[in-house]
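A.B. asks: Take this structure, written in C-alpha cells, and hold onto it; I'll ask about it next.
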Amino acid sequence: MKKENIYILGIESSCDDTSAAILCNDQILSNIVADQKIHTEYGGVVPELASRAHQQNIVPVVHQAIEKAGISKEQLSAVAFTRGPGLMGSLLVGTSFAKSLAYGLDIPLIDVNHMQAHILAHFIDEKDHKKPPFPFLAMTISGGHTQIVKVTNHFKMEVLGETIDDAVGEAYDKSGKVLGLGYPAGPEIDRRAQLGDPKAYQFTKPKVDGLNFSFSGLKTAILYFVQREVKANPNFVEENLNDICASIQYTIIGILMDKLKLAVKQTGIKHIAIGGGVSANSGIRKALKDAEQKFGWTTYIPKFEYTTDNAAMIAIVGYLKYLENDFSDFDVMATARLKI
Ligand code: KG4
Ligand code: ZN
C-alpha cells in the first residue's frame with residue numbers, strides 16, 4: 001500500500017529573515033526567504049525593525065511558498081514554526097501566524113527549536129547529500145550561535161559547549177566593522193582572506209576551559225591592534241586588508257578546530273556535521289576536509305540554502321515530529337531563550 005504524503009508548512013521568523021517552506025515528507029517543494037536589507041544601514045539587526053518587517057513579509061512569503069509547491073493550503077498536514085531561541089518580537093509574528101493558520105485549517109501545530117533545526121537540516125532529502133549517522137557531533141556556527149552538540153538521535157541532543165559571549169559570526173561582523181567593511185562582514189573577510197597571508201599578524205586565542213567558546217576578546221584585540229597600527233600609518237588598513245582578513249580568519253578557524261578536536265577526543269565520535277551561516281566559510285570547509293584526511297573524520301556540510309536561517313529546516317523538524325505525533329498545544333508561547 002502506498003503511504004499517504006505528508007505536507008508540512010514550516011515558518012521561520014527568529015531573527016531577520018522571514019521564511020516559509022513546504023515539505024512533502026522529507027523533500028523540499030519550496031523554500032522562500034525574504035531577507036531584510038534595512039539592517040545593513042545600522043550595521044546589525046535592529047529588533048523592532050525586524051519584527052515590523054516580518055509582519056509585512058509573512059503573508060506574501062507563506063503565499064509564495066504554497067504557490068511554488070503547487071499544492072493548496074487545504075492539503076497541508078501540519079504547520080511547524082520556530083518557537084525560539086531568537087528575538088521576541090520576531091518570534092511572536094511567526095508564532096501567532098502559525099497558530100492562526102493551523103487553527104483555521106484545523107490541522108496540528110508543531111513548535112520547533114531553531115537550534116535543533118539547524119542540526120536536523122541535514123535530514124532533508126537532497127541528491128548528493130549524505131545524512132550523518134547517529135551519534136554525531138554538530139557544530140552550529142552563525143551570527144547568533146556557536147555550539148557543539150552531541151546528537152544521539154533526532155531529538156536527543158546534548159550541548160557540550162557554547163559561546164560564553166559573542167557568536168562566531170558576530171566576531172566576523174564586529175571585526176569587519178573595525179576594518180570599515182559593510183554588514184554582514186563574514187563573506188567579505190572570507191573572500192579577502194583567500195588573497196592574504198594568514199600568518200601576517202598574530203592574534204592570541206582565548207583561553208576558555210572545556211568545549212565553551214569566547215570571541216569577545218578577539219574583537220577587542222583586533223580593535224586595539226588596528227588603532228595602534230593606524231597611529232603609525234594612517235593607510236595601514238587599506239594597504240594590508242587582505243593580510244589582516246587572512247590573519248583574523250586563521251585565528252577564528254583555529255579556535256573552532258581546536259574545540260572540535262577536543263570534542264572528538266572526549267566523545268570518540270568522528271562524524272562531524274556543521275550548520276549556520278558561517279558554514280559557508282571557505283576556511284572552515286577546507287579545515288574540515290583536511291581533517292578527513294588527517295584524523296579520519298567524516299564531515300557533513302549542508303547545501304548553502306539550508307545553512308543560513310531558513311524555513312526548510314523548520315519544516316523537516318516538523319515532519320520528524322509529525323511522525324512521532326509530537327504536536328503542540330495552541331497556548332504554546334514564543335520563547336526567546338529556548339534551550340536545546
Ligand atoms: O545563519 P545566519 O544567516 O544568521 C544567523 O545569525 O542566525 O548567519 C549569518 C552570519 C553573519 O554573521 C555572517 O557574517 C556570517 O554568518 N557569514 C560568514 C560567511 N557567510 C556568512 N562568516 C564567515 N565566512 C562566510 N563565508
Ligand atoms: Zn540560526
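Backbone N, Cα and C define each Cβ position, glycine as well.
These came from TrEMBL, pasted as-is:
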type: BINDING; residues: H114, H118, D309; note: Fe cation binding site
type: BINDING; residues: T140, I141, S142, G143, G144, D173, G186, D190, N281; note: substrate binding site
type: DOMAIN; residues: 27-315; note: domain 'Gcp-like'
A.B. asks: Any idea what the model's mean pLDDT is for the domain 'Gcp-like' (27-315)?
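C.D. replies: So the average pLDDT across the domain 'Gcp-like' (27-315) works out to 95.
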A.B. asks: For the recorded Fe cation site, enumerate neighbouring residues of the same chain (Cβ within 8 Å of the Cβ centroid of H114, H118, D309, site residues themselves excluded), in sequence order.
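C.D. replies: Neighbours found: E12, S14, T82, M115, A117, T140, S142, G144, H145, G275, G276, N310, M313, I314.
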A.B. asks: Under 6 Å from ligand 1 by C-beta, which of these binding-site residues make it: H114, T140, G144, G186, N281, D309? Sequence order, please.
C.D. replies: G144, G186, N281, D309
A.B. asks: For the C-alpha pair, I'd like the distance in angstrom between G144 (substrate binding site) and D309 (Fe cation binding site), rounded off.
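C.D. replies: Distance (Cα to Cα, whole Å): 10 Å.
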A.B. asks: Out of T140, S142, which has the highest number of nearby Cβ atoms, where nearby means within 10 Å of its Cβ, if these are the binding-site residues?
C.D. replies: T140
A.B. asks: Report the binding-site residues (T140, S142, G186, N281, D309) that meet this criterion: Cβ distance to the nearest atom of ligand 2 under 6 Å. Use sequence order and write none if nothing qualifies.
C.D. replies: S142, D309
A.B. asks: Fill in the CA-CA distance, H114 (Fe cation binding site) to G186 (substrate binding site), as an integer in Å.
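C.D. replies: A Cα-Cα distance of 21 Å.
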A.B. asks: Identify, in sequence order, the residues in the chain of H118 (Fe cation binding site) that are 6 or more apart from it along the sequence and have a CB within less than 8 Å of its CB; answer 'none' if there are none.
C.D. replies: A138, T140, S142, H145, G275, G276, M313
A.B. asks: Might you list, by sequence position, any residue in that chain lying six or more from N281 (substrate binding site) with a Cβ less than 8 Å away from its Cβ?
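C.D. replies: Result: G186, D190, Q249, I253.
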A.B. asks: In sequence order, which residues at least six apart in the same chain have a CB under 8 Å from the CB of D309 (Fe cation binding site)?
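C.D. replies: Listed in sequence order, they are E12, S14, C15, D16, D17, S19, V33, H114, S142, G277.
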A.B. asks: Which whole number of Å gives the largest C-alpha distance between any two of T140, I141, S142, G143, G144, D173, G186, D190, N281, the residues noted as binding substrate?
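C.D. replies: About 18 Å separates the two most distant Cα atoms.
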A.B. asks: Specify the count of other C-beta atoms within 10 Å of the C-beta of G144 (substrate binding site).
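C.D. replies: The answer is 23 other Cβ atoms.
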